[in-house]
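Engineer: Quick one: the structure is below, and I'll ask about it shortly.
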């Protein structure tokens, strides 16, 4: 597929050429002689270059600009200004760059290292190592970051479930192996933790390759993720590609393409399943808006670039599966000001198979993962894909929780006792379902002290069906909170009842009468803010 810049005449997908590799910007010795130029203007990250030879570099071709006392600057051509000049976007800081500096065209787009050599490594947008490991070998295989999607005849549709072991996702918003899923949420609701748990699930369940693209996020978060992956043992089958928020917009804008090039290699050349994770796709759109402004284009709605739809489509359409190997994409999407009608959010949502919506209200109640069971959805929730039993339970769970939300205003004003018997019963089951759909994560075990739980889809369906049937109506709500299967909750309930019995026996023996215990229907250990009427 063509690069999104092709839609407005300022860029196009550059054809893959048999030219020198461009990943480590210091490796430019075989740049073509006729590609020599000079800098004629520098405006922040925008660099105008004149070429006296008359042969201009193609759009999206990489340029290298030596800088005295520093590493060469890598730039990418985005516009032809005249028959002898181009406008390029620097992918690194332009400090120290001056007019008249020599420029070399490399003869092709940016090329990044791929293969086993990059597993367990942290790379920049150009493929340069950013960790404390050894330098990559000079003969490592490289691929261009600009490529088209596989032909339609070679693409394979996503119709198999990607079981995550996360109850609320597998039940209500199942992911497709070889499909695209997006996790939408505002700041601080748990998107990154959810992405890390899915990396853990992929390594444990599928033994595949994970490629993580950190787009415009905090350097601290990137460092923490690197350390966490080392500690959990998943780094050896993962590639990290970072373009952090302190980097120029061009670097942040191209990071997803670098990650895609690596994922495509393992899909095409090794026939391996790949889990592609991107955090955060909104920052990709944001970087594109910055680039658009730097190149002088008029903004569109809410200040976004006029090419928003085509840029998002060009990225998403490259995420495709072929016969024998699947690329499963899971994307975290920041929702600015919790506004789900934002143009960037709606543009991304149009391309995904599963929408996992994280709720600030559920996070405030301590319901983690804070996934909204009503707003989340998936095209795979179909009897022909997941089966009749799965769909029936999912629909009923969603109906019960939605009806409970409709009753919350009445409960807040009049109290739960003013509801009819059927509504009180439904409220109790809805609250138990909400707590049963919480779950401890393996990646948070070091902080919570609670072992992570991965639950099979059949166990999730069986547990929800039992709650809907009323089998747990006399259980404490706290017994269902942060457990794996219903058997785990049953053991927790039995232990709580046994503890209550011991306390009552001790109180009776001391002559103080029966002890005051928590309401067995609600429990006393539920999360803060999870009482009736919130």
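Glycine residues also receive a Cβ, built from the backbone N, Cα and C atoms like all the rest.
Positions annotated as ATP binding site by Swiss-Prot: 185, 186, 187, 188, 189, 190, 191, 192. The compositional bias 'Polar residues' annotation in Swiss-Prot covers 1-10. Residues or ranges marked as compositional bias 'Basic and acidic residues' by Swiss-Prot: 494-505. Taken from Swiss-Prot, the feature region 'Disordered' applies to 1-30, 494-534.
Tell me about the setting of these features in this model.
Structural biologist: The Cβ of residue 188 (ATP binding site) has 11 neighbouring Cβ atoms from other residues within 10 Å, across all protein chains displayed.
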Engineer: DSSP says what for the compositional bias 'Basic and acidic residues' (494-505): how many helix, strand, coil residues?
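Structural biologist: So the counts come to 12 helix, 0 strand, 0 coil.
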Engineer: Around residue 189 (ATP binding site), how many other CB atoms lie within 10 A of its CB?
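Structural biologist: Summing over all protein chains shown, residue 189 (ATP binding site) has 27 other Cβ atoms within 10 Å.
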Engineer: Can you tell which of the binding-site residues (185, 186, 190) has the fewest other C-beta atoms within 10 angstroms of its C-beta?
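Structural biologist: So among 185, 186, 190, the binding-site residues given, the one with the fewest Cβ atoms within 10 Å is 186.
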Engineer: Considering the binding-site residues 187, 191, 192, which residue's Cβ sits among the greatest number of other Cβ atoms within 10 Å?
Structural biologist: 191
Engineer: Within the same chain, and leaving aside 185, 186, 187, 188, 189, 190, 191, 192, name every residue whose CB is within 8 angstroms of the centroid of the CB atoms belonging to the recorded ATP site, in sequence order.
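Structural biologist: Filtered neighbour residues, in order: 334, 358, 363, 370.
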